[in-house]
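Novice: For reference, TrEMBL lists these features for the protein:
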type: COMPBIAS; residues: 113-124; note: compositional bias 'Basic and acidic residues'
type: REGION; residues: 113-145; note: region 'Disordered'
type: TRANSMEM; residues: 77-95; note: transmembrane segment
type: TRANSMEM; residues: 151-171; note: transmembrane segment
type: TRANSMEM; residues: 178-199; note: transmembrane segment
type: TRANSMEM; residues: 211-230; note: transmembrane segment
Amino acid sequence: METTTNGTSFSNQKFTIPAVSDVEQQQASMELEPTDDFNYSKRSQWLRAAVLGANDGLVSTASLMMGVGAVKQDIKAMILTGFAGLVAGACSMAIGEFVSVYSQLDIELAQMKRDKQRDENREPSDEEEEDEEKGKQGENESLPNPLQASAASALAFSVGAMVPLLAASFIKEYKVRVGVVIGAVSLALLVFGWLGAVLGKAPRVRSAVRVLVGGWLAMAITFGLTKLIGSSGL
């Protein structure tokens, strides 16, 4: 009985010792594993301006060209329409983004001013003063830049609008030209949707398909309505 008891206790010790070491190894591995504390929401400002600008330039310019091409098969008419859409859209995106981000900047500056006035009414300690200085530096770095956002929107819109323009510039045959424009725009929509998902750490396939379907709908609606109005003789 004693041997059995000792054997049992010895065997229990043999089983418990690895368990403790496993826990220690797991804790050590968790401590050694790097933590990804990067906040991807910080990318939202310029990412939104760039991706939306590129998608808008691509879809709106292609839809304009498809709409004009539905009633007029001349290549010159399609190119001039696309170029006008590029210039007008880039200016519109830049101005709209500038006004929007500048309004956001005014709100944040006003909030910082109110916080500063509130802190001046009390006497902070030395540690609180150091924390406040660090906080002010971080706030200044995180403030939105209206010029940067507007330039990113205009540039991205222009890049997206160049895709259908370049696709249609050197093809005189109408049906081939329309097919090439649709193919080039579809590929660019997939790329923009995938790129936005990668930078924002979002589902890639779902984002790319969503952008592609939206672009197809915009081109189809513009083409169909323009064709209907043009054929009615208005």
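Start at 1 and count along the chain as shown; that gives each residue its number.
Using N, Cα and C of the backbone, Cβ positions are placed for all residues, glycine too.
TrEMBL annotations: computationally assigned, not manually curated.
Tell me what's around each of these sites.
Specialist: Outside the transmembrane segment (151-171), and at least 6 residues removed from its termini, the chain residues within Cβ reach (under 8 Å) are 46, 49-62, 65, 75, 78-79, 82-83, 85-86, 89-91, 93-94, 96-97, 177, 180-181, 183-185, 188, 192.
Counting residues 6+ beyond its ends, the transmembrane segment (178-199) has Cβ neighbours under 8 Å at 43, 47, 51, 54-55, 58-59, 62, 65-66, 69, 160, 163-164, 166-168, 171, 206-212, 214-216, 219 in the same chain.
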